[in-house]
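Attaching a single structure in structure tokens format; questions to follow.
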């Protein structure tokens, strides 16, 4: 039984750029009448409409079936967003060819596109987009296959799958999800109201405490996440309406997945700061108090180490972009930076690097991993050990504070076991 369905029409998006200019006259063995191929960028992207065959635009065309394929559409018209490819950053607009609903329609259209050279020397990339729906999981998936053309010849391919659950409150867990979201919204509303009241009461003095800053940023991130959630919900309802009323209209939910990514990003920030605040709650535990005091005492040295680490990491990354550009994962500075961070955690393919760059490339990668590991881990541990050794003489200053947690632990154990104690409090 079939459970996966293609929704909307599949489409091809052609990303074109300006026609090439004449070659410089100072280049030897090149005729001044020849054209040199330019490189693609968003600034050089072609945004004019043409007639079939990339001729000057004219309404009097006999090829109505593919005339729209040579008309430029913006990312707003396509309900899309910018896209980071392997080689370039794309605006989200382009020349769209809708493949229709049947195999015959798709074959006829692609034959005409080939006849009128829809893909030519000035094509930077081709996007193949289609949307599918899986009835078992309730997930809508936008599949994007990107073919980027290299100026010297060849194609670099990339596949991207974005998933979204448009029907969030259907199924067995729908009511539970709705109640959970409402309860959490009420909880965060109460917390926000309490913090606003504190801010009004304390005014500028409120920001004199670092923990208040963390609480303020947590609430701010949550409000931004909720705004992204609201925008995503509105766009979802609009898309569902289109699906129900006009199946022939070509659209996608790329914008929905974009705002869903923003929502998860800020929600992750909320989770991070909440865990940081948890350290404030357990600060009376002896080991946590010792670690917190050590970090505070050595903060100046740690910041200096962090500055040196970032500077060294950026230097190594820039070198990798120059030396490993032909290796997958190092084509751009952004991708090389991510690969560098993975290498620091022992996640790298040594053989892939050596096959592309030889033994010097592999040796450079090992030097990077070893240097960063010694700098970040060993020096940091040495700083903390030195600080902890110096703090052993000061334990009496904060030892009594840790008795608060012992007292709470004693009360909880007494409540559970029902056994009293003649513990003498020192408070």
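Glycine residues also receive a Cβ, built from the backbone N, Cα and C atoms like all the rest.
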If TrEMBL is the reference, give me the range from 144-166, 213-235 marked as transmembrane segment.
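Here TrEMBL associates transmembrane segment with the stretch 213-235.
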Give the range, chosen from 302-324, 394-416, that TrEMBL lists as transmembrane segment.
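Going through 302-324, 394-416 one by one, TrEMBL gives transmembrane segment for 302-324.
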Which residues of the chain, 6 or more past the ends of the transmembrane segment (256-282), have a CB below 8 A from one of its CBs?
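Sequence-distant neighbours of the transmembrane segment (256-282): 81, 142, 162-164, 166, 211, 214-215, 217-218, 221-222, 224-225, 228-229, 231-232, 235-236, 239, 288, 292, 405.
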Considering every residue in the domain 'Polycystin cation channel PKD1/PKD2' (173-390), what is the mean pLDDT value?
80
